[in-house]
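Enquirer: These came from TrEMBL, pasted as-is:
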DOMAIN    715-794  domain 'Cyclic nucleotide-binding'
TRANSMEM  6-24  transmembrane segment
TRANSMEM  45-65  transmembrane segment
TRANSMEM  85-106  transmembrane segment
TRANSMEM  127-145  transmembrane segment
TRANSMEM  157-178  transmembrane segment
TRANSMEM  190-208  transmembrane segment
TRANSMEM  228-246  transmembrane segment
TRANSMEM  439-457  transmembrane segment
TRANSMEM  463-481  transmembrane segment
TRANSMEM  502-522  transmembrane segment
Amino acid sequence: MYTDIIRGESMIICGFTSIVFGMFRRHSHHLPMFRELHMIVDLSMDIFGSIICGYWCARIIQFTLTDLFSNTLTNVIICVSMVYMTFYIVEFFGMSGMVALITVGLNLDSLSFKPRMEFIITKFFKMFSSVFQDLIYTFFGIVIGCGEIKYFRFHTVSFMFILFATVNVVRLLTTVLVSPILMRSSYEYNWRWGVVIAWSGIKGVFSLLLAPDIHNLAEKKTKSPQMFILYLLVTSLMTMGINSYMMTHSARTLGLCAISLPRQMAMQNAIKHIQEIIQNTITLFKTEKILTNVNWTLVEEKTKIEYIIPSDTVQFSHVSHDEKEEESPTDEVLMEEARLHIAIIQMRSFEKQCNNGILGVEAARILIGAAKSYCPIQGKFMSIYDVSTYVRARSWLMKFKNMLTFLDYRTDKAPLILHGNNKFMIFVYRIVFSEEFEYTGHIITFIYIYPMIMHLWPMARELNVAGLILVNYYFVSLYVLESALKIIILKRKYFRQYWNTLEFIIVLIGIFDIFFIHLVRWRPDNLVLIQIVIIIGYFRIIRFIPLIKTIIPLLINIADVQIKKRLRLMYSITKGYVKSQEDAKFLIKQISSRESINQKLYEILETNQRDAVKELGLIEHEGRDVVIALKTRQAIRNVIAKALKNLTFLWSRGIIDKHEGVEMNKVLLAKIKALNNFPMAIPPPTPEKYLHNILWLENKDVLIEFFKERAKLAYFDYGDVICKEGEMPQGIYLIISGMAILHSSPPTFGIDSALRPDRESKTMFTEYCTSGDVIGELSCLLKRESECTAICETILQACFISLEDLYEGFDVFWPSLEYKIWLKLALSIAYQYFESSLIDEDLTFRKCAELNLAYVQTLSSYNEMTIDNETMKFVIVVYGSVIDTKREVPYLAPCILPKTCGQVQGTSDLSKLLVIQASEPVKNNNNAKVMVNTGVRMTKKEHNWKR
């Protein structure tokens, strides 16, 4: 953060100096005529004009760099070219090129580049900058060397030291003046950091480039202009040597380089975690036959990490064990350190999601900016409400749209009720309710613009008084005719429309206008009448208000598009925030080794995630069509990204040659680029189509038709209870629209609470379910009391499948249907609790069901199962409990069985194990038959027990 302060101070000084020198440089030939007006105009051009040019240049660079079809060389050339073009074009138009480049830099960040492109471009610019600085110093050194030696005297050396001291004193005074602002912006800023910042020195290259202007702008020229360059060059070199040393020495002396004890504990915890990973890797390699003759003692010795913190950076050193315990940091200090780690993890998660295409660039920028702004606030964990400042914008957009909808003119066609055959009324009726009649009224109003301009222009009004009066008579008569025709047909309904009331008021004002004009003709010496006529004449402007009717539908469409964009942005931000909370929860144990801190962090992250999921549900309820379009677009993007990953793998292995790989890569990138034109809203599917979203129906027509005939639509109001904890289930609910909140005690997973001392907490779990989620699957499978209470947070519509119809489906489609429901539940439990371990596994439900990548094994009480570590990569207990028959170690769901476990036995009435295959399924027919027969026999026994 303090590096950013120093860089920001440098940027401000460079921008301000370039503006001041630019103003004097442009007016150097006519300084006596330089006035305040010139200064204001130049400042406006240098600040606002340069910022606008820099902003649009940044947008062009960003658009070019994010192009999927550009390569690295093209990006580097474009960056350098645009930087130079921006500077010289802005300078050519009399603005500040330096301010424009500063604006370009502020508008570009890591998200403006393609993944891994930022490092290459930054490296190139650093190299280019280093070469440029060396050339500047070399060139000015040659210029100084070409000067006459007689000007170099003893007082030159003393003046250099005086100038150097003056520069540092001025910097110190500047730091003191801005310290109140810095202290308010950051709670960690103090006088120690002010001292360090004051030693940061001057900007050598920038000062050298402006040095010739000191001589050129001076009224009295000196005989030795090279002395300006010499003074600046020596001061810059002294800054590079003395100030850099003083910065480091001051920071160490004042204790700013010391690593706090919480930070040391966090570093040691991270090192311990890395050492555990290394040890696990070594243990895994020891099982490989090809590595049996490796000297593992030497491997363990060489891979052991011993990170020793430097003594000058240790805050607490040379203390005894008892003193260290006494000086152990409190939970508040450790919590603050952990909070900073959480913020960093979240920002990295946002960047990763953006690079992977999960999160949009705009949403990622908002989230990263919010995380950085809330990071300096002590004790503040960023919640979803903190990043929802755009909600205010959404609220005014909604109000603006409601106002436009209220003002929208609707020509409600009134029924024609006539007594007898009145042809005139029929004729008037057809005229009033025709589109031509509306368009004619707008054209008449539009034509009146020219006479109104002449009326407001005094000279034209005096020359055309009679003509303007006649034109006024003509237009008022047309307005009277229009209103009369509408009143004849609509009668009292005429005044129910606000626009008709406005037109009637315009007619009345026009009649009063004509009446007072005639009064003035009769009494031309009455000043009161003349003033009234003048005032009423200005009221003729309201005749143009009905023209707004023509643009209201366009404004409604624009507001609707903006609202949809805001909803989409809001949904992306909230979804990205939820993912960052999940990433942070997986790394809690690596952040702190103290259990109390881990528990607090978990509770905070869980609360923030729950609030964010609630916001997701509310957004989806508010704009279902927008969310459906966004989810569809993200699904397409993920599928194409997976295809690109597979293409890269095949390309790297030589299966696809270079030409074929390039062509296929272009096709896939073109599809990703086409997603920019993806529709913003997709109408939600009908309730029947939602049955296709149930995974265990596998989109099979037979299963869908079976349950479509038996499913019913259920409607719930806000606050209604769908199911209650402790009651027997009635069936399953597939949410079509709306949101429900689930309250439950800690899940039992079919295990008695007496066997779980860690689950005796009465903490209630909360979860939100939205469109597409299913409620009540597990309780219906087990025919046991529901373990959660579902309450509607909004108006909810659901597809209800009763328990009887579900078990009828089990009988008809025996045994696959029940097994697939268990497989779906097992996969969801495994990913919920062990996502970090399964991150490299592609365990989609479809692949597991069709290719047998993973399957569910059922164990009843006292049934045994042999675990083959060569074919089984993971064995996860997802329901019930088992015991290792050799070591007699119990394992309660959910847990991953260790590799040392060779055979397990079920200890619950019903236990379910998810087996993840290590390779392709075994092709031995006999083994396959044994496995299938075992699964069917055990599942049938379990089904009879439940029936």
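These residue numbers are counts, starting from 1, taken along the chain as shown.
The backbone N, Cα and C atoms fix where each Cβ goes, glycine too.
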Enquirer: Any residues 6+ beyond the ends of the transmembrane segment (463-481) with a Cβ under 8 Å from its own?
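Expert: For the transmembrane segment (463-481), the list is 444, 448, 451, 454-455, 503, 506-507, 510-511, 513-514, 517, 540, 543.
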Enquirer: Select the range from 45-65, 127-145, 157-178, 228-246, 502-522 that forms the most Cβ-Cβ pairs under 8 Å with the transmembrane segment (85-106).
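Expert: Between the stretches 45-65, 127-145, 157-178, 228-246, 502-522, 45-65 has the largest tally.
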Enquirer: So if I exclude everything within five residues of the ends of the transmembrane segment (502-522), which remaining residues of that chain have a CB under 8 angstroms from its CBs? That is, six or more out.
Expert: 469, 472-473, 475-476, 479-480, 482-483, 494-495, 529-530, 532-533, 536-537, 539-540, 542-543, 545-546
Enquirer: Let me spell it out: take the transmembrane segment (157-178), skip the flanking residues so only those 6+ beyond its ends count, and list any with a Cβ under 8 Å from a Cβ in it.
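Expert: Same-chain contacts beyond the ends: 194, 197-202, 231, 234-235, 238-239, 242-243.
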Enquirer: Roughly where does the domain 'Cyclic nucleotide-binding' (715-794) sit in mean pLDDT, to the nearest integer?
Expert: 81
